[in-house]
Amino acid sequence: MSLSNKLSVKDLDVSGKRVFIRVDFNVPLDGKTITNNQRIVAALPTIKYVLENKPKAVILASHLGRPNGEKVDKFSLAPVASELEKLLGKKVNFLDDCVGDNVEKAVNGGSDGEVFLLENLRFHIEEEGSQKKDGEKVKASGEDVKKFRQQLTNLADVYVNDAFGTAHRAHSSMVGLELPQKAAGFLMAKELEYFAKALENPVRPFLAILGGAKVSDKIQLIDNLLDKVDLLIVGGGMSFTFKKVLDNMPIGDSLFDEAGAKNVENLVAKAKKNNVKIVLPVDFITADKFDKDAKTSTATEDEGIPDNWMGLDAGPKSNELFAKTVAEAKTIVWNGPPGVFEFDNFAKGTKSLLDAAVKSAESGNTVIIGGGDTATVAKKYGVVDKLSHVSTGGGASLELLEGKELPGVVAISDKK
C-alpha cells in the first residue's frame, strides 16, 4: 500500500457529475446541540473545492455515534445539516435515509451543485456489516451488504473519501462504492502525505516518541517502528515495565504490564541489532495515589519508587534528556504522552516534551502527532498550528504506524 501515490480530489473532473464525499461528521452532541463543530469545519475545504468545480450535485455521507445498525433519533445527522448550512452559506438538503428510491430520486433531481446530506450510514447494519444483539455479534448477510453498497454506488459518478479517522475500518461507505474514480479529499491527502514522509521516506535521524500505559498494546507498534527509526523514546506508564525488566528498578505501585514484560528483552535486542537508540526516563514525579490532589514526591532511577507510591510523570532530568533527543531528530512521530497530563501536578513532562516538539517544527523539521491523547494535548496547549501535522485519526494512525494496510486507503484509486 503506497501512501504517496493516491488519486486526489484535485485530479478529478467533477464538472456536471454527482460527487459522493465520505466525510467524518461524527461530532459531539448535547441533545440536538453540536458542542464542537471542528470536524465539520475540517471538511469544508474539500466540499468547497468540489462546489467551485461545477458538479451536478454533492452527496455527503457520514456516521455519527454507535447506533448499532438501527435508526436511533439521538444519532440523527439533522443537527449537522443546519450547522453545515451556516458554515457553507448554502442550502443543505437533509435526506432522512442514506439509500433507497427516495434518496436516489432526490439526488438525481439535484442540479447546479446542490448539496445533500444523507442520514447516518450506521442506521443500516450493512454499513459496519454487523450489530450486537443481546451481547452477541450478528452479521449482516452478504446479499444485503452487496445490495446496500450498490445503492450507495447508484447515488454517484465519482467518489471522494475525506474520513481518515475511519480509514482502518472496512465499512461499506469506505470500501464498497464501485466507481471508476475514487479519490482522497484534502484532509485524507494531508494525512497520507505526512505519514508517507515519515514511513516511506524519512529525513534522518527519525525519532518515534511512545507513551501510554501498556507495553502489550504497543508491541506491534514498537516492533514495526524498530525497523524504521533511529531513536525511540519510551515514556508514560509503559516505561515502568521497561525499567523493571531491564534495570530491576523498584517501581512501587506504578503500572506494570505482566504480558508486555515478556517482550521487553526481545524488543531491546531488536533495537540493538538495528542500531536504534532507546531512551527511557531517568527520574520520576511520584504520587501516593492516582488522583489530581495526590501528595507528590520525586524519585530517581537509582533509588527507585518506594512501595505504595506510583510514578505519574517524567522528572526534570528525564525532561532534559527527552528534549535533547528531540533536538537531534529531523523527523518525529509522537504517539502517547509521557505523564498523566490530565492532572496539573503531573503535566510538566508532557508540556516540556511538547515545547521541544514545537521548537523542532519551528526550525523546519517534520513533527507528526498521532491522534488520540497526544492530539488532545496539542489542542489543550493551543499548538496544533505550530506542529507539522496533528492527525485526526487515533486508531487509523496507530494502525499505519503498526505497518498495517488501511482498507479505506487501499480502496482509493492509485494515480495512473
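Placement of Cβ uses the backbone N, Cα and C atoms for every residue, glycine included.
The shown structure was predicted, so the numbers you read here are calculated from the model rather than taken from an experiment.
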ATP binding, same site as ALA213, LYS218, GLY237, GLY311, ASP373, THR374 - Swiss-Prot member from GLU178, GLU265, GLU342, GLU405: GLU342
Of GLY235, GLY236, GLY364, residue recorded by Swiss-Prot at the ADP site of GLY212, PHE341: GLY236
VAL23, ALA213 as binding-site residues, winner by CB count within 10 A: VAL23
Residue among the binding-site residues ASP217, GLU342, ASP373 whose Cβ has the most other Cβ atoms within 10 Å: ASP373
Number of other Cβ atoms within 10 Å of the Cβ of SER62 ((2R)-3-phosphoglycerate binding site) across all protein chains: 27
Integer Cα-Cα distance in angstrom, GLY236 (ADP binding site) to GLY311 (AMP binding site): 9
Spatial neighbour of LEU121 ((2R)-3-phosphoglycerate binding site) that is closest, considering only the binding-site residues ALA213, LYS214, GLY237, GLY336, ASP373 and their CA atoms: ASP373
Neighbourhood of PHE341 (ADP binding site) by C-beta distance under 8 A, where only residues 6 or more apart in the same chain count: ALA347, THR350, LYS351, ASP373, VAL377, LYS380
Candidate with sparsest Cβ neighbourhood (10 Å radius) among GLY65, GLY236, the listed binding-site residues: GLY65
